[in-house]
Structures are given as structure tokens and as C-alpha cells.
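Scroll down for the structure; my scribbles are underneath it.
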Amino acid sequence: MVRIDKRSNTDLRPVKITRKYLKYPLGSVLIEMGETKVICTVSMEEKVPPFLKGTNQGWLTAEYGMLPGSTPERKVRDVVKGAINGRSQEIQRLIGRSLRAVVDFSKLGERTIWIDADVIQADGGTRTAAITGAFVALYDALEKLKREGIIKEIPIREFVAAVSVGIVDGEILLDLSANEDMRAEVDMNVVMTESGKFVEIQGTAEKTPFTHEQLQHMLNLAKQGIMRLIEIQKKTLGLL
């Protein structure tokens, strides 16, 4: 199968992560995966949800949205509709779970970290790009808090990233574009840590059921892609 952008089945799209993209947040990046572009920012509040008061534990939560011009047809803002749509709710919960999985909140104190992921151009894989980019913004933010003496150490247990895999025209592909996603028989999103532990697997047969062997193949391919993304994260942060 020849992919639209001439990639092999096992290739990621070109990935670029620009740090310190905005002036005001504690951490911010623009992540570009092919034609998908997401701005990820990190802010902090000196308080925690009621269920954490008095525990000396921190918290992290996320919001996700798509700008009106991010899709071929104008996307109506959620605020105009009066409610967050189900897809956005699902994705922002996924982003929050993915990042909470690698943060040691006992070292944050009673503070809440806010992750905001805003899609400025959508061409497939916005949720996985948001997770991968938000981690870099989070690392930068925590490093700044440490530098300012607000926290004693960066409370990151390990790196985390995410990627999509799927089956299109009977072939297993890594990092689906929007065109491929629309034609996919199987669509899957995988979130994994640097040590190879899964945070989340979201997989659905859109048209044709898939076998156990195909599932294993997709998970192995996703792992390869995620390890490459973590390498890119580290290089972006100057750790490699």
C-alpha cells in the first residue's frame, strides 16, 4: 500500500516540538505531527480538589479543544453550544490520566497542574499528539518550578507518549493521518511509558473484527513508534 505522504507502514509522520511557544504559561509547546498541530500549555493553581485537601498531595487535570479553523468545515466552539461535546470530554480525560500516570504527586504539594491542549489544525491523531506534546510542556513547567524553589525536585517518574495505529485496506499502519483514519477498518490509540508499561489502549473495529495476532502486531508497532517519540521528547528537552 502506498500512503498519501509516501511513508512506509512503520513510519511516524514528521514530528516537530517547539518549546516555550507562548509567553505566559509555566510551560508551552507547539507540537506538529505531519499536518496536525496542537498547542499545549501548563498552568498551576495553589489549591487542590476538595478530596485532596489536607493530604499534601497535588493533582493534574486537562482540558482539550479544537479551534474553529482547525478542520475543513468551521467547528463551532463548545462555549457557543453551552456544553463540552462527548469526544472532547473523553480526550481531555485521557490526557489527564496519561500524565497523572507518570507524576509523583507527593512531591508537588497541594497544587493543581492544568494542562490545556488546543488543536489549531487537525489531520488525525490529535489526542496522541496532545499527550506527547503536553508531556514536554509539563516537564518544562516542573523544571521551572524547581528552579524557582517552589518544588524540591521534578516529580516525573518516567517519560510517556502516545501514538495511533490501525488497519487500513488490510494493512497495519503507524500514526494514521485523517484520510487513513476515515478509511480504517481498525483504529487504535496507545499510551505507553518509557519502561514499556501501558497507560491506555483504545481500540475499535470500525468495519472488520481483528485477530489476536493483529492486535499483537499493532501493539508492537505502537511501542516502536512511542519509543521514537520519547527519544524526540528527550532531544527536544536537551536530555540527549
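Note: Cβ is positioned from N, Cα and C throughout, glycine not excepted.
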According to Swiss-Prot, Gly125, Thr126, Arg127 bind phosphate, and the residue from Arg74, Arg77, Arg87 that belongs to that same site is Arg87
Out of Arg87, Gly125, Thr126, Arg127, which of these binding-site residues shows the lowest number of other CB atoms within 10 Å of its CB? Arg87
Among Arg87, Gly125, Thr126, Arg127, the annotated phosphate contacts, find the widest CA pair distance and round it to a whole Å. 13
